[in-house]
Amino acid sequence: MQSPLSAAQLELSDTDRARLEKADGLVVEKYAEANLPTKHGKFRIVAFVNNLDFKEHIAIVNGDVAGKEAVPVRVHSECLTGDVFGSLKCDCGEQLDRALDVVADSELGIILYMRQEGRGIGLANKVKAYSLQDDGMDTVEANLHLGFDDDLRDYSVAAEMLRLLGPKSIELITNNPRKVEGLEAEGVEITERRALKVLPNPHNVRYLETKRKKSGHLL
Ligand SMILES: Nc1nc2c(ncn2[C@@H]2O[C@H](COP(=O)(O)OP(=O)(O)OP(=O)(O)O)[C@@H](O)[C@H]2O)c(=O)[nH]1
Ligand SMILES: [Zn+2]
């Protein structure tokens, strides 16, 4: 009988990891797929593996998207505090909820849930950035103070995930023009940008204003 796997082995098997590490160039693969009924609607969930960041990026898919034009797509960056704990410091949780509704209510749609927490700096560093914001910095100043660029996200893995799922073109649900440019630079055909409106609250109004003024978000 096989011995049980330890927690450290759970993410990827050694053989899978070694194979991905040896591969030349970017490799993104579908790893597993299943049904996922949710309060928003019924989806398929697809887990991917890749040899760039080795993170477990996810697609939530409604319908048979392969070969279809103008499929609604949200490329959502992980925000544990907003997506899971209902943080009011940002607009992520509300955006994710709305995007899930849009995708569930459309004939077809995809949410890519990218594990790019904190615009790529990770959760622990985002909490550091929040601590600097408690002392008066804005979201961009806090990142720069910690020695990071204001946005470290790479869109090559997301683009490859879309290629594997197979829509011919997409309508991207975002307020961030840099996301549109980043995906287009990776060869994704975007027929339209669809805005994602959220209501500001007293805790995120400065954050939203900084995103509009410093990061070019169309809010
Ligand atoms: N470093 C850092 N990351 C943050 C902060 N607040 C939210 N985030 C992260 O920002 C990411 C979301 O990016 P946003 O700039 O809000 O939005 P976007 O994804 O670029 O654009 P939309 O598609 O319109 O949502 C998530 O990964 C959050 O964890 C912050 O103060 N500092
Ligand atoms: Zn957030």
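Every residue gets a Cβ built from N, Cα and C, even glycine.
Feature annotations, courtesy of TrEMBL:
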type: ACT_SITE; residues: D151; note: active site, proton acceptor
type: ACT_SITE; residues: R153; note: active site, nucleophile
type: BINDING; residues: R74, V75, H76, S77, E78, Q95, E117, G118, R119, T139, T174, K179; note: GTP binding site
type: BINDING; residues: C79, C90, C92; note: Zn(2+) binding site
type: DOMAIN; residues: 30-194; note: domain 'GTP cyclohydrolase II'
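Annotation: C79, R153 are the recorded positions among C79, C90, C92, R153 whose CA atoms are within 10 angstroms of the CA of R119 (GTP binding site). C79 (Zn(2+) binding site) has its Cα within 10 Å of the Cα of these recorded positions: E117, taken from E117, D151, R153, T174.
Listed in sequence order, the recorded positions near H76 (GTP binding site) (C-alpha within 10 Å of its C-alpha) are C92, out of C90, C92, D151, R153.
What surrounds the Zn(2+) site, by Cβ distance within 8 Å of the Cβ centroid and not counting C79, C90, C92, is the set S77, T81, G82, D83, S87, K89, D91, G93, Q95 from the same chain. Among the binding-site residues R74, E78, C90, C92, E117, T174, the ones whose Cα sits within 10 Å of the Cα of the residue listed as 'active site, nucleophile' are E117.
Proximity of the recorded positions (C79, C92, D151) to ligand 2: a Cβ under 6 Å from the molecule is found for C79, C92. Close to ligand 1, meaning a Cβ under 6 Å from one of its atoms, are these of the binding-site residues H76, E117, T174: E117, T174.
Within its own chain, E117 (GTP binding site) has S77, E78, C79, L80, L123, K126 as residues 6 or more apart in sequence whose C-beta sits under 8 angstroms from its own.
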